[in-house]
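Enquirer: Starting off with a structure, shown below.
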Amino acid sequence: MNAWEVNFDGLVGLTHHYAGLSFGNKASTRHRFQVSNPRLAAKQGLLKMKTLADAGFPQAVIPPHERPFIPVLRQLGFSGSDEQVLEKVVRQAPHWLSSVSSASPMWVANAATIAPSADTLDGKVHLTVANLNNKFHRSLEAPVTESLLKAIFNDEEKFSVHSALPQVALLGDEGAANHNRLGGHYGEPGMQLFVYGREEGNDTRPSRYPARQTREASEAVARLNQVNPQQVIFAQQNPDVIDQGVFHNDVIAVSNRQVLFCHQQAFARQSQLLANLRARVNGFMAIEVPATQVSVSDAVSTYLFNSQLLSRDDGSMMLVLPQECREHAGVWGYLNELLAADNPISELKVFDLRESMANGGGPACLRLRVVLTQEERRAVNPAVMMNDTLFNALNDWVDRYYRDRLTAADLADPQLLREGREALDVLSQLLNLGSVYPFQREGGGNG
């Protein structure tokens, strides 16, 4: 059956700032306390979406979350009106404010893990929300992510959205950022590659930085998504590269159809894994980048592998890269050799995503890939699909509500909270989402 990969990109939120919250993510740590530009960040993301949509790649949008997230501050013992809660946090424990104001939901590669209908036992598209247990600021995302996905994939005959796994370290799950799908045409059954960093009883694990994904979580997600057991491979990421800043597999590998583009040191027992994929995926092609040409350090600093590998109708592929790749002579030299070599990659497309990159999120972090048949595409909430009208409406919305300068101190401003809620109220109507945010359901307005 014919099917297409639709990229659902996260829209950057109004509180996008640099707080260095993500230990193990070198860019996040390095840019801590810098001044951010939320308006520019949102527009950089929107331009990527629109450019790819105009080039014929189906594209949709996932909205930001409510931030600062007052309900969690109340859980932590701060009481009073919303303004009083903010004021008490600033006075008593200001470190919490940045965590509950993070715009990290924009990196929707961590929103969920997807199983297309061609791979599932019941013939539905399955989406399992990620619990993001390893980082407090990200663990807050799951309930609203679930509400958003249910509002977008709202036809229960075709889509099953599963709640996140229990919030414990044993079941740490980071979503599609640790998941690849390999195969022929999108509509054919594919091989799902789940990548984990640690498992109980296995001493092979990183020592410097945390392994955020467990094998136990990956196995549970595969079960929830009803993936045919014959179409699953579990592989461990190389713990040495996690210790060098590769906190998700999509920082060291990316797949599309029959191609796996990865670093030579991406996986534990890599030659064994690639042999297994060759045996099980027709026409499988591994493009392994040697460490002698691109070091792990350079891969992390440029986000070479946090790229999007997109298929054209003629079978050729386009590699979508951040500008940092073009600015690194060694990486750009390698990429031009790649273009000239015998493989499906025939074009490089570069985007300026500096605002997201400075927090450790490249092109692949910003998108959730969902393979859909024509019938399934028609069943998706049409208001989220990118086109000229939506692009212009979202650009105007960003101009109206987003600040062009934000520091950590600004997060305490009650006006920022009010601006954010008003903006999300308008956006949820624009995207026909219903009341997906807690502040809408509580009926508390902006007070």
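Each Cβ is built from the backbone N, Cα and C atoms, and glycine gets one as well.
Taken from Swiss-Prot, the feature substrate binding site applies to 19-28, N110, 137-138, R212, D250, N359. Swiss-Prot lists E174, H248 with the feature active site. Summarising the annotation, Swiss-Prot assigns active site, nucleophile to C365.
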Enquirer: Which secondary structure state does DSSP assign to N110 (substrate binding site), in the simple three-class scheme?
Expert: helix
Enquirer: Could you tally the C-beta atoms, other than its own, that fall within 10 angstroms of the C-beta of N110 (substrate binding site)?
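Expert: If we count other Cβ atoms within 10 Å of N110 (substrate binding site), we arrive at 29.
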Enquirer: Rounded to an integer, what is the Cα-Cα distance in Å between R138 (substrate binding site) and H248 (active site)?
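Expert: Each residue's Cα considered, R138 (substrate binding site) and H248 (active site) end up 14 Å apart.
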Enquirer: So among A19, L21, N110, D250, all listed as binding-site residues, which is physically nearest to E174 (active site)? Use the C-alpha atoms.
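Expert: Closest by Cα: N110.
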Enquirer: List, in sequence order, those binding-site residues among A19, L21, D250 whose Cα sits within 10 Å of the Cα of C365 (active site, nucleophile).
Expert: D250
Enquirer: Around H248 (active site), how many other CB atoms lie within 10 A of its CB?
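Expert: Neighbour count, Cβ to Cβ under the 10 Å cut-off: 29.
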Enquirer: E174 (active site) has how many other Cβ neighbours within 10 Å of its own Cβ?
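Expert: The Cβ of E174 (active site) has 31 Cβ neighbours within 10 Å.
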Enquirer: Can you tell me how far the Cα of N110 (substrate binding site) sits from the Cα of H248 (active site), in Å?
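Expert: Cα-Cα, rounded: 9 Å.
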Enquirer: What whole-number Å value do you get for the CA-CA distance of H248 (active site) and L21 (substrate binding site)?
Expert: 16
Enquirer: Give me the long-range Cβ neighbours of D250 (substrate binding site): same chain, 6+ apart, Cβ under 8 Å, in sequence order.
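Expert: Residues satisfying the criterion: A109, A176, A177, N178, F305, N306, A364, C365.
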